[in-house]
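Trainee: These came from Swiss-Prot, pasted as-is:
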| type | residues | note |
| --- | --- | --- |
| SIGNAL | 1-20 | signal peptide |
| DISULFID | 44-59 | disulfide bond |
| DISULFID | 51-68 | disulfide bond |
| DISULFID | 58-86 | disulfide bond |
| DISULFID | 70-84 | disulfide bond |
């Protein structure tokens with residue numbers, strides 16, 4: 001039963017990884033076409049660093065590309081601003097946990 005769960009988790013991880021690659025490629029193509037006249041793309045943004053001004057510029061992690069995650073922050077003046085950082089979405093964290101667990105079991 002455990003082997004079946006590990007195999008299913010690996011399949012879900014592979015499908016998620018391949019779909020994430022396809023979506024990232026589409027987003028990158030759209031972004032590049034919009035930025036054709038602007039300066040060349042800057043280096044990617046590391047995990048936990050701010051991506052408010054470049055939401056598609058996050059680096060790749062071990063298995064997946066980090067996603068720019070945003071939240072609304074209210075300052076002491078009562079002004080609302082959006083702050084974003086590159087991070088790993090929960091479903092990607094779960095997939096990485098399953099793969100790590102599988103590596104420990106199967107060596």
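For all residues, glycine too, the Cβ spot is worked out from N, Cα and C.
Distances, neighbours, how buried they are, the whole picture for these features please.
Mentor: Around the Cβ of residue 44 (disulfide bond), 16 further Cβ atoms fall within 10 Å across all displayed protein chains.
Taking the Cβ of residue 51 (disulfide bond) as centre and 10 Å as the limit, one finds 22 other Cβ atoms among all the protein chains shown.
Its Cβ taken as reference, residue 86 (disulfide bond) is surrounded by 23 other Cβ atoms within 10 Å in the chains shown.
Reduced to three states, the DSSP call for residue 84 (disulfide bond) is strand.
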Trainee: Name the one residue among 44, 51, 59 whose Cα is closest in three-dimensional space to that of residue 84 (disulfide bond); these are the disulfide-bonded residues.
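Mentor: That would be 51, nearest by Cα distance.
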Trainee: With every protein chain in view, how many other Cβ atoms are within 10 Å of the Cβ of residue 59 (disulfide bond)?
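Mentor: Result for residue 59 (disulfide bond): 13 other Cβ atoms within 10 Å.
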Trainee: In Å, rounded, how far does the Cα of residue 59 (disulfide bond) sit from the Cα of residue 70 (disulfide bond)?
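Mentor: Spelling it out, the Cα of residue 59 (disulfide bond) and the Cα of residue 70 (disulfide bond) are 16 Å apart.
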Trainee: Using only C-alpha positions, which one of 44, 58, 86 is spatially nearest residue 68 (disulfide bond)? These are the disulfide-bonded residues in the record.
Mentor: 86
